[in-house]
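Feature list (source: TrEMBL):
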BINDING   ARG67, SER68, GLY69, ASN80, THR84, ILE85, ASP86  substrate binding site
DOMAIN    15-146  domain 'dUTPase-like'
Amino acid sequence: MIEVPFTLLPHADGLPRYASDGAAGLDLAAALPDDAPVTIPPLGRAMIPTGLTMALPAGYEAQVRPRSGLAAKHGVTVLNAPGTIDCDYRGEVKVVLVNLSDIPFTVARGERIAQMVVAPVTRVAPVAVASLDETTRGAGGFGSTGR
Ligand SMILES: O=c1ccn([C@H]2C[C@H](O)[C@@H](COP(=O)(O)OP(=O)(O)OP(=O)(O)O)O2)c(=O)[nH]1
Ligand SMILES: [Mg+2]
């Protein structure tokens with residue numbers, strides 16, 4: 001286990017937790033005032049605060065991913081999935097939810113709205129060249145191998 005420092009803003013709901021021994025993602029809870037739930041209208045979106053800031057080690061990122069239950073049961077997902085938390089980001093982690101259902105969805109304080117997977121990052125050094133090596137695929141893409 002790699003220790004990752006977090007700070008909890010006053011509205012935070014505690015440190016994020018893995019929901020099971022083998023869970024890949026730390027669940028992220030909505031850090032909202034008790035009396036101020038957020039209602040997302042059909043096809044609307046909302047930036048939900050988590051009350052967390054963190055300092056990932058260099059060479060790592062965190063991916064903000066949807067929870068499958070919210071997607072399957074309510075049509076609510078992470079709009080920019082997977083959201084990217086950079087290792088040099090020190091602001092509050094936020095979750096951009098979108099409601100793809102046809103009824104409003106209300107997020108209450110403490111509700112788990114997304115999960116955060118920490119993963120290693122490979123960085124590369126872009127180098128300008130005149131041409132690239134040839135491959136069988138070449139420039140074929142976007143369904144070029146069939147449906
Ligand atoms: O779901 C997300 C995605 C991003 N971020 C924060 C952490 C990340 O390090 C920063 C920038 O994210 P990104 O690079 O995806 O956004 P951008 O639109 O490129 O903004 P910037 O110009 O600040 O990089 O915003 C979140 O809190 N939640
Ligand atoms: Mg960016």
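Just so you know, glycine gets a Cβ as well, placed from its N, Cα and C.
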Within a 10 Å radius around the Cβ, which one of these binding-site residues has the most neighbouring Cβ atoms: GLY69, ILE85? ILE85
Using DSSP, how many residues in the domain 'dUTPase-like' (15-146) fall into helix, strand and coil? 7 helix, 47 strand, 78 coil
Might you list, by sequence position, any residue in that chain lying six or more from SER68 (substrate binding site) with a Cβ less than 8 Å away from its Cβ? none
The domain 'dUTPase-like' (15-146) [mean pLDDT, rounded to integer]: 97
Using all protein chains shown, find which of the binding-site residues ARG67, ASN80, THR84, ASP86 scores highest when you count other CB atoms within 10 A of its CB. ARG67
Expected list for ligand 1 (Cβ under 6 angstroms, binding-site residues ARG67, SER68, GLY69) reads none
Restricting to the record's substrate-binding residues (ARG67, SER68, GLY69, ASN80, THR84, ILE85, ASP86), give me the longest CA-CA distance in Å as a whole number. 26
